[in-house]
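> The active site, proton donor/acceptor annotation in Swiss-Prot covers Asp118, Tyr225. The substrate binding site annotation in Swiss-Prot covers Gly26, Asn27, Ser43, Gly44, Ser72, Ser73, and the record cites sequence analysis as its basis. As annotated by Swiss-Prot, Zn(2+) binding site applies to Asp74, His93, His95, His167.
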Amino acid sequence: MQKLKQQVFEANMDLPRYGLVTFTWGNVSAIDRERGLVVIKPSGVAYETMKAADMVVVDMSGKVVEGEYRPSSDTATHLELYRRYPSLGGIVHTHSTHATAWAQAGLAIPALGTTHADYFFGDIPCTRGLSEEEVQGEYELNTGKVIIETLGDAEPLHTPGIVVYQHGPFAWGKDAHDAVHNAVVMEEVAKMAWIARSINPQLNHIDSYLMNKHFMRKHGPNAYYGQK
């Protein structure tokens, strides 16, 4: 697990590097599917002092199997998503400013241009709010459940992120680094959408044919963007 712990540590350290977190407001995890184990950031440990050895390993029930610290308080959310979506290899949660603003407003981040379409096939959805019973019960688990309720059976890697109403963004990817990459993009397109709608409140969504072209040339079966 040392290699995965190093990967998760590096991905967590990318959060402050890319301006996605303030203090300890974020976490990254990755899963070893063969072993059924997840590596995640320890709860409340400052990035300035954190080391790869501090990463916490949990099983799919959330039991700590390796590590001196308690795992992130959002661990149950991560585990619920891993259980539901086998294509996920890494998950990120932050409170990045612009994506969180859309979450607090209770609005999906609209797909307005090609930057968005290069990564997200459609709007980045916003979940419903959790009920008082859901919050007072198993809050973090229920956060995962409301994300799954919103995504349904859609391929999560086609829309690799979501904003949880009144909470903040979650992003995911093939591994921890890919998840962070998608979290960075989500924050950028959230900012772009806010600015664009401020300039033109009547702005429509990107044309579907342009969205299809940009997404499929990077992610479709005949993708040709980048190098092989």
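The backbone N, Cα and C atoms fix where each Cβ goes, and this holds for glycine too.
I'd like to know what surrounds each of these features in this structure.
The DSSP secondary structure for Asp118 (active site, proton donor/acceptor) is coil. Of all the Cβ atoms in the protein chains shown, 17 others lie within 10 Å of the Cβ of Asp118 (active site, proton donor/acceptor).
Under the DSSP three-state reduction, Tyr225 (active site, proton donor/acceptor) is assigned to coil, being neither helix nor strand. Around Tyr225 (active site, proton donor/acceptor), the C-beta neighbours below 8 angstroms that are at least 6 residues distant in the chain are Arg217, Lys218.
Summarising the environment of Ser43 (substrate binding site), the number of other Cβ atoms within 10 Å of its Cβ, over all protein chains shown, is 15.
Of all Cβ atoms in the protein chains displayed, 22 besides its own lie within 10 Å of the Cβ of Asp74 (Zn(2+) binding site).
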> Which has the fewest other Cβ atoms within 10 Å: His93, His95, His167, the binding-site residues listed?
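Counting other Cβ atoms within 10 Å of each of the binding-site residues His93, His95, His167 gives the minimum at His95.
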> So among Asp74, His93, His95, Asp118, His167, all listed as recorded positions, which is physically nearest to Asn27 (substrate binding site)? Use the C-alpha atoms.
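When the Cα distances are compared, His93 comes out closest.
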> Reported as an integer number of Å, what is the Cα distance between His95 (Zn(2+) binding site) and Ser72 (substrate binding site)?
14
